[in-house]
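Feature annotations, courtesy of Swiss-Prot:
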MOD_RES   Ser25  pyruvic acid (Ser)
ACT_SITE  Ser25  active site, schiff-base intermediate with substrate
BINDING   Thr57, Gly73, Ala74, Ala75  substrate binding site
ACT_SITE  Tyr58  active site, proton donor
Amino acid sequence: MNITLLSGKIHRATVTQAELNYVGSITIDQDLLEAAGIMEYEKVCVVNINNGIRLETYTIAGEKGSGIICLNGAAARYAQVSDKVIIMAYAQMTKEEAQKHKPNVVFVDDNNRITRKTNYEKHGQIVE
């Protein structure tokens, strides 16, 4: 039996754009995708810290170093520029694989530049 675990997370990214008339997805700076181990076109969950909305979409790689976080299509209705979001990808694995698994957690500043990366997260404690 497989279970689903967090595989990659970009924590408290700042929305830089919202493009309602685009076909869909979230555009994310490729540097952030790589750091979090999230692939282009991978399904992600986006949580808007400002309004509590949680949505699913897929990723599109944005220009490296651009800091872009752009909600596209219908998802653009759920965020405004400057909102803070958490972007999470999940992976299915066996229980044996899960016991050894460590997620990639990426923290960013207000300009979506990486400030810290870790592979461990526990309530009240983050270990690098």
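Placement of Cβ uses the backbone N, Cα and C atoms for every residue, glycine included.
Features recorded in Swiss-Prot, as mapped to the structure shown.
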residue	record	DSSP (3 states)
Ser25	pyruvic acid (Ser)	strand
Thr57	substrate binding site	strand
Gly73	substrate binding site	helix
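Using a 10 Å Cβ-Cβ cutoff, Ser25 (pyruvic acid (Ser)) registers 19 neighbours. Rounded to the nearest whole angstrom, the C-alpha distance between Gly73 (substrate binding site) and the residue listed as 'active site, proton donor' is 11. Listed binding-site residues: Ala74, Ala75. The one with the lowest count of other Cβ atoms within 10 Å of its Cβ is Ala74. Within 10 Å of the C-beta of Tyr58 (active site, proton donor) there are 15 other C-beta atoms, taking all protein chains into account. In this structure the C-alpha atoms belonging to the residue listed as 'active site, proton donor' and Ser25 (pyruvic acid (Ser)) are separated by 5 Å. Distance noted between the C-alpha atoms of Ala75 (substrate binding site) and the residue listed as 'pyruvic acid (Ser)' is 7 Å. With a 10 A radius on its CB, Thr57 (substrate binding site) counts 19 other CB atoms from all the protein chains. Recorded residues Ala74 (substrate binding site) and Ser25 (pyruvic acid (Ser)) have their alpha carbons 9 Å apart, per Cα-Cα distance.
Each residue in Gly24, Ser25, Ile26, Leu55, Leu71, Asn72, Ala76, Arg77, Tyr78 lies on the same chain as Thr57, Gly73, Ala74, Ala75 and has a C-beta within 8 Å of the C-beta centroid of that substrate site, without being one of the site residues. Residue pair Ser25 (pyruvic acid (Ser)) / Thr57 (substrate binding site) shows a Cα separation of 5 Å.
Packing around Gly73 (substrate binding site) is summarised by its Cβ count: 16 other Cβ atoms lie within 10 angstroms of its Cβ, all protein chains included.
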